[in-house]
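**Q** Please find one structure pasted underneath; my questions will follow.
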Amino acid sequence: MNVLKLQRKFPQFQQNEIFSLSDAFQRLDVDDRGYLDEATAIKATQQSENQPYDVVRQALKEVELDSSRRVELEDYVSLVAKLRDSSPAQKRMSTGPTPPSAGSGVVAQRTGGHASKGSVSGKIQVQGSNANITHTINEDERTEFTRHINAVLAGDADIDSRLPFPTDTFEMFDECKDGLVLAKLINDSVPDTIDERVLNIPGRKIKSLNAFHMSENNNIVIESAKGIGCSVVNIGAGDIIEVREHLILGLIWQIIRRGLLGKIDIKLHPELYRLLDEDETLEQFLRLPPEQILLRWFNYHLKAANWPRTVKNFSSDVKDGENYSVLLAQIGPEYGVTRAPLQKQDLHERAEAVLQEADKLGCRKFLTPKSLVAGNPKLNLAFVANLFNNHPALDPITEEEKLEVEDFDAEGEREARVFTLWLNSLDVQPAVVSFFDDLRDGSILLQAYEKVIPGSVNPRHVNKRPAHGGEMSRFKAVENTNYTIELGKQNGFSLVGIQGADITDGQRTLTLGLVWQLMRKDITVTLSSLAQKLGKREITDSEMVRWANDMSRKGGRNSSIRSFKDPSIGSGIFLLDVLNGMKSSYVDYDLVTSGQTDEDAYLNAKLSISIARKLGATIWLVPEDICQVRSRLITTFIGKFYKSSQVQYANATARFSYGYPRKDVDLVWDLFGDGAIGDVIRMQEYSIFYKSFGSNNHHIANTVPFVISIDVIILYIIAILGSEDLVRE
């Protein structure tokens, strides 16, 4: 758009100002692309217009950008115009508090994201997907989580140049949109979850990330978050790219929480044995959620300090600072920590004194005096978990006690972890925490049956848990678990010799066997439905093995397996070859090792899991499951992609509306996979090919104004000439 047109559209600017803005835009557009990304536009305009980050951010939200979110010259001028305009929109973006009405307690907060509203002090309201929905952001949580990210990711080779993020703006949320910050945060919380070699990183092989690259990164983030136990039912890759602040903040908290609580583990801290109550077994103790173990630890030290109070939560019981003062003095006397804060009468002064004592331990983190006194449960939980992780202050266990800890029967723990994640992905209520214990009364299993096989459970045959939260009687629990066995037999499960009482008694092998068959049923139900649509027989393990071998050959590889127990799977190469057959550009064989050593096999397995997640697959297993060829879990991995392939094929052929012979569609699918048909579908949707098909105008170059893949051209030839022989040649 030339200067004269811009001046007509923005009459508030003189011609020389338009020239000046155009020159500024061109200086920012260093690659001469004709557009800027949002981050560049915000930061440059923040400096040139001397406006706070969040004000510029909000103004840009009011500029009508297209779906690519690229800021072109006209958009840039519009942004500056909004910032210089004293419109109601600008007043709404006030950067400081405005006098509240009497008794309202409402202040205007700096906000970003979607349009903001007045907020209660310490809370920020952001508009959701439409004008009738608002979401609340806790300002203390935003600040403390941003501080945490700055601390743990400092020095990272890929994002250190972007740090630190300001703790008083929404910039951190914007920086999360490409997925890199969240991926790095996941690896900090649970190391090795993501193979960072598969991330799209600007400057590595890609100059700058587009929306597709960001979507792939965020697929990895979402699926990896699921894999470490985060609940991501309501968030997808698009929500992160669109910077839905409340969803991103919730995800960040879950990732941080997982990292903090994951260290509360008897394998890492065998001295946790000290916290067992009288007559409590180690197995009973380890069924407790980590939050309850933390409270047990807190109270253990309060009791040791002869303090009369106890804590039952991370909110009202700690907000006055007294219990914290005693805890800190008990675990850190050698650091000079004392109970001096108890002398302070003002709660905020006492809270500050408590945090100064925590600082002596190097643990002034997650809390401010304000959030401590407010009793913020998330930040208090994080504070206590960080204290435990750094200063458990428990006496070492004896050799006799060590034997008991080492002999603890951990049979099936890894499979139990996978099945726990799967059950929680079904949104069973309450969420499963202790796998074997939580399934004893059958209610979770019956919910899972109904989710996997809708209509299979008769509600009149189900005993519900007591409304007050107590335990179900053994008699009613066994009735439920007997019903789960009956349902399993009705659906062809192999349950010879298993009774409901075995599940109620927590028999590990039998419980794992039942849940595995239910999980496999979840896979086969979908596959059977697809088989019907595609006119195929019921899907078996042999069918999936055959498909996996075909995928390997399709990608030009020669690896194959005979079953999901094949020892060759342990090298990690076969699964990579399957993924390569599905999406050849996703597997960089320069990164693939021979898989001959344990270390090499682990690297291959980790790579395959991250690539699978990049493709958007929900994968529950961990690299060790592949290296040790855990056949049940390998089946779920292959089953996910078999299902995905068949769904894509069914959808593609169903939408393939130009009357190609089915054998031609199948031919192109066999030769090129979903990419070819998908490309043509997209072209159909944009009406790119519609004039050419069936007409005399077959000049592809005149019809398609961009480069398309050779497989699409071949499909085009089939459509026009019906020349299967030409394609085969």
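We count from 1, first residue shown onward.
Placed from the backbone N, Cα and C atoms, the Cβ positions cover glycine too.
Per TrEMBL, the feature region 'Disordered' maps to 86-121. Feature annotation from TrEMBL assigns compositional bias 'Polar residues' to 87-96. Taken from TrEMBL, the feature domain 'Calponin-homology (CH)' applies to 139-260, 288-392, 413-523, 538-646. Taken from TrEMBL, the feature transmembrane segment applies to 704-723.
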**Q** Out of 139-260, 413-523, 538-646, which stretch has the largest tally of CB pairs under 8 angstroms to the domain 'Calponin-homology (CH)' (288-392)?
**A** 139-260
**Q** Kindly report the helix/strand/coil residue split of the domain 'Calponin-homology (CH)' (288-392) according to DSSP, in that order.
**A** 66 helix, 0 strand, 39 coil
**Q** Could you give the mean pLDDT over the domain 'Calponin-homology (CH)' (139-260), rounded to a whole number?
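**A** The answer is 94, the mean pLDDT of the model over that range.
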**Q** Count the residues of the domain 'Calponin-homology (CH)' (139-260) that DSSP assigns to helix (H, G, I), to strand (E, B) and to coil, and report the three numbers in that order.
**A** 74 helix, 2 strand, 46 coil
